[in-house]
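Here's what TrEMBL has on this protein:
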BINDING   M49, G205  substrate binding site
BINDING   R124, S178  ATP binding site
Amino acid sequence: MEKAELERQVAAAVDVARREVPLVGSVTNAVSVNFVANAQLAAGGSAAMVYLPDEAEFLAQAGGALYLNLGTLLPVHEETMPRGARAMRELGKPWVLDPVGIGIGSLRTGILKELKVCKPAIVRANASEVIALAGLWELDGGDVRARVRGVDSTDEVDAAEGAAVALARWTEGAVAVSGAVDLVTDGTVVATSRGGSPLMEKVTGFGCSLGGVAAVYAAVASPLAAALAATAAYNLAGARAFARAQAPGSFQAAFLDELYEASAADVAGNPFDIREV
Ligand SMILES: Nc1ncnc2c1ncn2[C@@H]1O[C@H](COP(=O)(O)OP(=O)(O)O)[C@@H](O)[C@H]1O
Ligand SMILES: Cc1ncsc1CCOP(=O)(O)O
Ligand SMILES: [Mg+2]
């Protein structure tokens, strides 16, 4: 794919989301649920957060995309997550997976194994989580012993490229690996996106809300364009927010404002490189 064509698709994703206000259901963690919903609204989506299995299925029917984030699991999620993902697969609609905290506990491992066949349109995670998920799904470049530290990464984004490409080829979707420089791939091209701020590691939920925003764009764009649009929007808004606020609390508020104010052209113009793999 040509870079100019991908830029055009990224701009269209941002623009169409704002015009169509797609409903996106989320089953996400208790830590950052409010940040996820606010980021989805700032990007132009309509957010609805649920816990119960039938409610995830309702939102699968009613919405344009579904976001599943395993951050803080409860027993109910054992049923809600697979039922939500299966519904999206059967409906041929996109869903986004954030395997936060992969490796903590058997419920998480069991749910993630079950989700493999439901093929998320986008996997959004940090480098260690991407390597661990590819390992759990027995794909190239994966390692179940990846050094996830709770919910944080100890691996560099570059180290997850093979796992990300393998995951994208399995899902026939896209994978967004976050870090200081982000990597987005659909298994045929790899895009690297720059920007953001180290302060994004000092506020919980930046990764979670990035996944939620990727789901908003996935409702109106291809997985690759949606994953890159969300990544670029975060890098742009993060850098602009840091120019206004240099401590975590005010930075988070400034970030939401910048995400809301970023134009489609601004997001598509945020620097990225692209190469074939
Ligand atoms: N050191 C950094 N410099 C710039 N942006 C960063 C940095 N670390 C994380 N980010 C950004 O923060 C967001 C969340 O990424 P990350 O912290 O890797 O996710 P997670 O919270 O899931 O571990 C992404 O948009 C990423 O680009
Ligand atoms: C701290 C924490 N614990 C369980 S989920 C969660 C939030 C992680 O959010 P993010 O990966 O986006 O920083
Ligand atoms: Mg995370």
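Using N, Cα and C of the backbone, Cβ positions are placed for all residues, glycine too.
Overlay of TrEMBL feature records on the structure.
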residue: M49; record: substrate binding site; DSSP (3 states): strand
residue: R124; record: ATP binding site; DSSP (3 states): strand
residue: S178; record: ATP binding site; DSSP (3 states): strand
residue: G205; record: substrate binding site; DSSP (3 states): coil
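There are 18 other Cβ atoms within 10 Å of the Cβ belonging to M49 (substrate binding site). For ligand 2, the nearby binding-site residues are G205; that is, of M49, R124, G205, these have a C-beta under 6 Å from one of its atoms. Within 10 Å of the C-beta atom of G205 (substrate binding site) sit 22 other C-beta atoms, taking all shown protein chains into account. Taking Cβ-Cβ distances under 8 Å and a sequence gap of 6 or more within the same chain, the neighbours of S178 (ATP binding site) are R124, A125, N126, A127, V157, G207, L210, T231. The Cβ neighbour count for R124 (ATP binding site), using a 10 Å radius over every protein chain in view, is 32.
A Cβ distance below 6 Å to any atom of ligand 1 is met by none of the binding-site residues M49, R124, G205.
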